[in-house]
């Protein structure tokens, strides 16, 4: 069962990355540097909003699958990590129902709730990378990749926070650092899932 669930997670994380790339080529009126990723879900273009929701739900299913794979593993089970991964899955399933306020518009209660959800998912996603590296332990190449992704995630998250806090940096660097962070925290569990899926 563990191999099947982890294999499912590999497929879903890969699909999530493809949908993420697709969001950036759709003519949805969202700038890939100046606007946040959450803005895709609030795009004036219906197709862009649909792809954004699909990307979020695909990521949700991927993390749920990986979480259940971790919990069901007889040799590599980690209850705490499994719980975090399931929490990520639930969080990303809910987020499309609480879209953000578009950049440059008035902040609403819904927008503040979305921001709290986004902070929670960024925190949890980053916090799971090191435990995933310890969990897969065996294949040195895979561990090295996950550890490298962990470092890149830390750098991009730091850049993201600085760009958020320092107004002159926000428009030029926030979108890029956020996108890099999302790609990295999707790639790291994908690698871990691939290891768990292997016989």
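Numbering starts at 1 and runs along the chain as displayed.
The backbone N, Cα and C atoms fix where each Cβ goes, glycine too.
Sequence annotations record features per position, and here TrEMBL assigns transmembrane segment to 6-30 (among others).
Positions annotated as transmembrane segment by TrEMBL: 50-69 (among others). Proximity of distant same-chain residues to the transmembrane segment (50-69), defined by a Cβ-Cβ separation under 8 Å and at least 6 residues beyond the stretch ends, is recorded for 2, 5-6, 8-9, 12-13, 15-16, 19-20, 22-23, 26, 40-41, 43, 82-86, 88-93, 95-96, 186, 189-190, 192-193, 196-197.
Non-local neighbours of the transmembrane segment (81-99) in the same chain are 38, 41-42, 52-53, 56-57, 59-64, 66-68, 70-71, 110, 113-114, 117-118, 120-121, 124-125, 127-128, 131-132, 135, 189; each lies 6+ residues outside the stretch with a CB under 8 Å from one of its CB atoms. Marked as transmembrane segment by TrEMBL: 81-99 (among others).
When Cβ-Cβ distances below 8 Å are used as the criterion, the transmembrane segment (111-129) is approached by residues 38, 81, 84-85, 87-88, 91-92, 94-95, 98-101, 146, 149-150, 153-154, 157, 160, 181, 185, 188-189 of the same chain, each at least six residues removed from its ends. Marked as transmembrane segment by TrEMBL: 111-129 (among others).
Per TrEMBL, transmembrane segment is recorded for 141-166 (among others). Counting residues 6+ beyond its ends, the transmembrane segment (141-166) has Cβ neighbours under 8 Å at 122, 126, 129-130, 132-133, 172-174, 177-178, 180-181, 184-185, 187-188, 191-192, 194-195 in the same chain.
Taken from TrEMBL, the feature transmembrane segment covers 178-197 (among others).
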Same-chain Cβ contacts of the transmembrane segment (178-197) under 8 Å, 6 or more residues past its ends?
2-3, 6-7, 9-10, 13-14, 16-17, 20, 32, 36-37, 59, 62-63, 65-66, 69-70, 73, 76, 85, 122, 125-126, 128-129, 132-133, 135-136, 138-139, 142, 145-146, 149-150, 152-153, 156-157, 160
